[in-house]
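As recorded in TrEMBL, the features of this protein are as follows:
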{"type": "TRANSMEM", "residues": "83-103", "note": "transmembrane segment"}
{"type": "TRANSMEM", "residues": "115-141", "note": "transmembrane segment"}
{"type": "DOMAIN", "residues": "119-496", "note": "domain 'Cation/H+ exchanger transmembrane'"}
{"type": "TRANSMEM", "residues": "191-214", "note": "transmembrane segment"}
{"type": "TRANSMEM", "residues": "220-243", "note": "transmembrane segment"}
{"type": "TRANSMEM", "residues": "264-286", "note": "transmembrane segment"}
{"type": "TRANSMEM", "residues": "292-313", "note": "transmembrane segment"}
{"type": "TRANSMEM", "residues": "325-342", "note": "transmembrane segment"}
{"type": "TRANSMEM", "residues": "348-366", "note": "transmembrane segment"}
{"type": "TRANSMEM", "residues": "378-397", "note": "transmembrane segment"}
{"type": "TRANSMEM", "residues": "409-431", "note": "transmembrane segment"}
{"type": "TRANSMEM", "residues": "477-496", "note": "transmembrane segment"}
Amino acid sequence: GKGICQARRTSHDKHMEGVRELEEMDGCGTASKEDEEGVVAKNDVESLEGGRISRVEDGAPPRQRNRTWKDVWGEQEVMLPHFVGLLAMSGLIYASLFLIFGAPMLPGGEGFALGVLYATALVFGWVVSLTTMPDLIGMLVAGLLLRNLPGKPIDGLKSSWSSVLRDVALAIILLRGGIGLDLRQLKRLGVSVVVLTLCPQLVEAVTAAGLSVALFGLDWLWGLLGGFILGAVSPAVILPLMLHLQGQGYGKKKGVPTMLLSAAGLDDAVAITLIGVILGAIFQAGSIASKIIQGPIEVFVGVLSGVALGFLSKPLVHAKKRHRIAIVPLVSISIFLLARHFKYSGAGALFCMSYGAFYAFFCPVDTCVAEVDGFVKVLWNHYQPLLFSLVGAALDFSRVSGSDVGTSVVIILVAAVARFGTAFISVFYSGLTAAERLFVAIAWLPKATVQAVMGPLPLDQAEQYGDEEEEGFGLKILTLAVMAIFITAPIGAIGIKLSAPRLLEKEITGDTDSMAEEAKELENVHTNGLGP
């Protein structure tokens, strides 16, 4: 009633007073629409919400109502045409491949199995993306279901195909992480990045190894193998969110997103290197000393070759756009696969990260870097469904006991607590506040990419050697890797989205009235290939 009318009159008087000031300053009788909007933005905003006046002072974000399922579905309507387009394109590609290859594209063939897996992963990923969980969970479920459905619709898929496709996916996501690095910030945060890379992973790996020995009955080498597979953080979850936070200014002043991006890539490189060394110690002949020396050699070769090729790629700025955006990812994928062939997986991972970072650093034109980054993002968006559905398809329920699943959950939760505490302590001397250190610990929880790529490897190797006991060990590690994705990926992704606006300082680059909109946008960011 009366109070609302009085509030409206007060707001109108302030608005008109501001317009008159503009007219006097401009020396003309009218004020532009943009000027009037500026006056409204400058003055206090008064809005009617449910019969009450909600007052917002200068510089404060407007009050937001809670999002409903109608809001979520409205956002997905924008995605729906994109999703339908992807399915249509997949169908046309399948039809073309059938006309070219024939029998392998029929039911029971390798091509058919791959096509069904990819299409199903797209559908399941899109459904899960309607929630707050990462769509990679849906892709993982798609692979699990197709592997364990009666009739085994994807039995025609060869394990060698799966291994190569997983390697390509890892090379793509590591390259994208390297391109997103800010090397100047990394130089300032160097010690913090190294500590954050090594300490949480080592603590989690040793904790998981000890529990695996005690609860799974593994020996210590197999326990450490499972521990380092579990201990690697996921670029697939962290990378999109950190790049978005960096673009919005959250934590940018102290370089929190850059520190996490850098440490995530190095964390994976360290884990992959150690996994390769332990796999070699278990399955390959040779002295222990040579296998230990291999680790430092991989670090040196991977980083040095990445820096060199990053510098040599400077002339690509003069190449045509379609050549430039294709050459950089092709170089990364080729070198990574070559390194895997010669048993130097860690060097390949470090090369992809350092090549992306130094290509962006040496490239004199920012637009060229953005174009390559955009193309790599598109590659990852289309490749991600294949990666996570393949790791789901590697797990056959008929070979897994319920006790192994329960034991895996216990190991994952205990190791995650150890990792969380270690991550919080690791950045104690980095100049971050307690709230920012808490955010780092939350962001350091999700697992997905390395678990998807490396989780099936011990079982693959054991099956090649035909040792039943080691096949059992490999199956337990695969179960551990799959359950780690199911548990930590959604917890980490949701935790990052909810905690970032509350725990990180925002670097103001524009009108403060847009802060609420940006916070809402962060909540809607999907760590996926189908989201915005």
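Every residue, even glycine, has its Cβ placed from backbone N, Cα and C.
All annotation found in TrEMBL is predicted automatically rather than curated by experts.
Listed as Cβ neighbours of the transmembrane segment (264-286) (distance under 8 Å, sequence separation of 6 or more from its ends, same chain) are residues 170, 174, 177-178, 181, 193-194, 196-198, 201, 221-222, 224-225, 228-229, 231-235, 238-239, 242, 292, 294-295, 298-299, 302, 343-350, 353, 449-450, 454, 457-458, 461, 465, 470. Between the transmembrane segment (292-313) and the transmembrane segment (325-342) there are at least 3 Cβ pairs closer than 8 Å, counting only pairs 6 or more residues apart in sequence, which means the two stretches are in contact. Here the transmembrane segment (409-431) sits against the transmembrane segment (220-243); at least 3 CB pairs are under 8 Å, leaving out pairs fewer than 6 apart in sequence. Within the chain, the transmembrane segment (325-342) has long-range Cβ neighbours (under 8 A, six or more residues past its boundaries) at 164, 167-168, 170-172, 174-175, 302, 305, 309, 313, 316, 319, 348-349, 351-352, 355-356, 359, 371-372, 374-376, 379.
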